[in-house]
Amino acid sequence: MAKVESFTLDHTAVKAPYVRLITRETGTKGDVISNFDLRLVQPNENAIPTAGLHTIEHLLAGYLRDEMSGVIDCSPFGCRTGFHLITWDEQSTEEVAKALKASLHRIAYDTEWKDVQGTDKYSCGNYRDHSLFSAKEWCKAILDEGISKDPFTREVI
């Protein structure tokens, strides 16, 4: 079986919340994609409940695109501690951390239920599993800790 980089990361050594570049790859036509680890809570110490995480996912899908160019996808980790962010080109972890911070701030302080996209049976495969209250509370807690541009040393932006 192929080795997956995310499973070789020492999850006991990282200090969440942080942004980490997992990989940067160049396609056969020269296009560059980057995969970032947006770790919101400390692995094996916490996990965001699915309803809150699901709502954060839907909001990040739009807000990150408002904050930075080149967003392809932002998908939650199965362990519920953060997200993969896939982008075109070569953004720095600091650029991504700033976009993430701004997006989480919008969720925590500016978002109302009407702002959450994809919350009906036609636009979401699990539309009943959302909580804006949970999303806001988790985002406030994450922002209070500060988002680091480095996974191993706290370099809060």
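Here, residue 1 is simply the first one shown, and the rest follow in order.
Glycine is no exception: its Cβ is also placed from the backbone N, Cα and C atoms.
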Message: Just to be sure I read the record right: His54, His58 are listed as binding Fe cation in Swiss-Prot. Which of Cys124, Cys139 is listed for the same site?
response: Cys124
Message: Neighbour count, 10 Å Cβ-Cβ cut-off, for His54 (Fe cation binding site): what number do you get?
response: 25
- line: Counting other CB atoms within 10 Å of each candidate's CB, the least crowded of the binding-site residues His58, Cys124 is Cys124
Message: With an 8 Å cut-off on Cβ distance to the His54, His58, Cys124 Cβ center, who else from the chain surrounds the Fe cation site?
response: Thr55, Glu57, Val116, Gly118, Thr119, Asn126, Tyr127, Asp129, His130
